[in-house]
Amino acid sequence: MLRVYNTLSRKKEKFTPLETGKVRMYVCGLTVQNYAHIGHIRSAVNYDVIRRYLEYKGYEVTYVQNFTDINEKIVARAREEGLRPLELADKYTKAYLEDIEKMKIKRADVYCRATDTIKEIIKMVKKLLDKGYAYEVNGNVYFSVEKFSDYGKLSGRNLEEMQAGARVEVNEEKRHPMDFALWKKAPAGEISWDSPWGKGWPGWHIECSAMSIKYLGKRIDIHGGGTDLIFPHHENEIAQSESCTGEKPFVKYWLHNGSVNLKGEKMSKSLGNFFTVREILKEFKPDEVRYFLLTKHYRSPIDFNFEEVEAARKSWRKLVNTYQVMVQILEKGVITKNKITENTKGENTIISILNKKEKEFEEAMDDDFNTARATGVMHELAREINTFVNSPEFELNGETSKVLKKAQNLFDRFSDILGLDLAFSSSDEVDNEILNNLVDFILEIRDEARQEKNWQLADRIRDGLEDLGFEIKDTPHGVRWERK
C-alpha cells in the first residue's frame with residue numbers, strides 16, 4: 001500500500017487518487033532566467049521518480065509542469081543579455097529541456113508557459129474580483145487574504161504570525177500587508193499584455209493556479225515543488241484557486257522536496273551560490289549525479305559538495321560492476337549442465353533472497369517514495385549476487401543461469417523505476433565493445449603466460465591493467481575483470 005507524506009496534513013496518508021486508476025500531477029517548474037542549477041534538477045529528478053513509480057503501480061499519470069517566463073527578474077536579466085524578455089525565456093527553456101534529457105528525466109505530458117495562459121489568468125482574476133476576493137488599485141489587482149478563512153492552512157501559520165515573521169515591503173495600495181498581486185501594472189516601455197485593468201503582466205502565484213486548472217481541472221491529486229514554495233507560493237495558490245472555483249481541496253496531496261544547500265545555505269540564483277547542472281556534468285556522468293540525489297530521501301535537505309558526489313560515483317560503480325559481471329557470465333559463460341545439480345539448495349536460497357529484495361524495494365518505495373532505502377536494497381542485492389557467483393561451488397548451468405537472469409531482471413526493473421540505467425552505464429563508453437574485447441584478448445595472453453609458468457609476464461600484465469583502472473580477479477572459474 002502506497003503512503004505519501006502530505007504537507008497539508010503533516011502526516012503520511014494512504015494514497016487514493018480522486019479518480020480510480022488516474023493521477024493528475026502538477027509540479028512547479030523554474031523561472032527561466034538562467035541555466036538550471038542542481039536544486040532545480042533535484043526537484044525534477046524527485047518528481048520524475050514519483051511519476052515513474054506511480055506508473056509502475058499501474059496508474060495513468062498526467063504530468064504537467066510550468067515555466068514562469070515573465071516577471072521583473074526576467075526583464076532585468078534580458079536587459080543584461082541584450083535580449084527581449086521572451087527571447088531570454090526561450091533560450092533558458094530550451095537549455096532546461098536539454099539538461100533534463102541528459103539527466104534521463106521523462107518529458108512532462110504538458111509544459112505550459114505563463115505567457116501562453118494570459119487569457120485564462122485574466123478570466124480567473126476577473127472572477128476573483130466579481131466574488132469579492134480581490135480588489136484593484138491603480139492598475140494592480142490584489143488578493144485579499146482576510147477574505148479567505150483558511151489562509152495559512154498549508155504553512156500552519158495564521159495571519160498575525162505570518163506578518164510578524166515576514167519582511168513585508170510597505171505597500172500603501174494593499175489593504176493587508178500579506179495581500180498578494182494577481183495582476184501587476186507593467187512599467188512604462190516594458191513588455192505587457194492588455195487587461196481590463198490596463199497593460200501589465202500576471203502575478204507569480206496566479207500563473208500556477210490558472211495553468212493547473214486549465215490542464216488538470218479544478219481539483220488535482222498531487223502538487224509538487226520545493227519546501228521553499230510552501231509559503232507564500234503554494235499557500236497563495238490554495239487561497240486563490242479554492243476561492244475562484246469554490247471546490248475544496250484544490251490539491252489532495254501536497255508533496256515538497258528538500259532544498260539543496262551549499263555550506264549550510266540554500267542554493268539559489270538570488271544568492272549566487274549555485275552550481276549549474278551543466279557545470280556538474282563536466283565532472284560527473286548523469287547516472288552518477290542522479291544516483292547521488294536518490295541516495296537521499298526526497299524530503300531531506302542535501303548539503304551539496306563534490307566529495308559526496310564522488311563517493312556516490314564509487315558506490316554507483318559497485319552496482320555497475322556487479323551488473324557487468326552478471327552480463328559477462330551470461331553472455332560469455334558456457335552452460336556446462338542443464339539439469340538440477342547438487343547446488344540446487346543454494347540456488348533455491350538465492351531465489352528466495354531475490355524475492356525478498358524485490359519485496360523490500362517496493363516496500364521502500366511504498367513508504368513515501370523512500371529512494372534512500374531503495375538504493376540500499378539494490379546494494380544488498382548486489383552483495384548477494386557477488387557472493388553467489390564468487391562461491392567455489394558456482395558453475396553456470398540451467399539453474400544458476402535462471403538465478404542470474406532473475407537478478408538481472410530485478411536490477412533492470414529497479415533501475416527503470418529510479419530512472420537509472422545500469423545496462424547503459426556498464427557499456428557507456430563509445431568504444432566499449434572494442435575495449436572489452438581488447439581486455440579479454442590481453443587476459444588470454446596472460447593466461448597463456450601463466451600456463452607456460454611465465455609468472456613475471458603474467459604479473460606485469462595484471463599490474464598494468466590495474467594501473468589503467470581495471471581490477472583483475474582470478475577465481476576457480478577463470479579470470480574476471482571489472483572497472484574500478
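Every residue, even glycine, has its Cβ placed from backbone N, Cα and C.
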When TrEMBL marks a stretch as motif ''KMSKS' region', which of 81-85, 266-270, 296-300, 346-350 is it?
266-270
According to TrEMBL, which of these ranges is motif ''HIGH' region': 30-40, 107-117, 327-337?
30-40
Write out the long-range same-chain contacts of HIS233 (Zn(2+) binding site), meaning residues 6 or more apart in sequence whose Cβ is under 8 Å from its Cβ.
CYS28, TRP204, HIS205, CYS208, GLY225
So which other residues, same chain and not among CYS28, CYS208, HIS233, GLU237, have a Cβ within 8 Å of the centroid of the Cβ atoms at the Zn(2+) site?
TRP204, HIS205, GLU207, SER209, HIS223, GLY225, LEU229, HIS234, ASN236
Cβ neighbours within the same chain of GLU237 (Zn(2+) binding site) - under 8 Å, at least six residues apart:
HIS205, CYS208, SER209, SER212, HIS223, PHE250
Among CYS28, CYS208, the most crowded of the binding-site residues [Cβ within 10 Å]:
CYS208
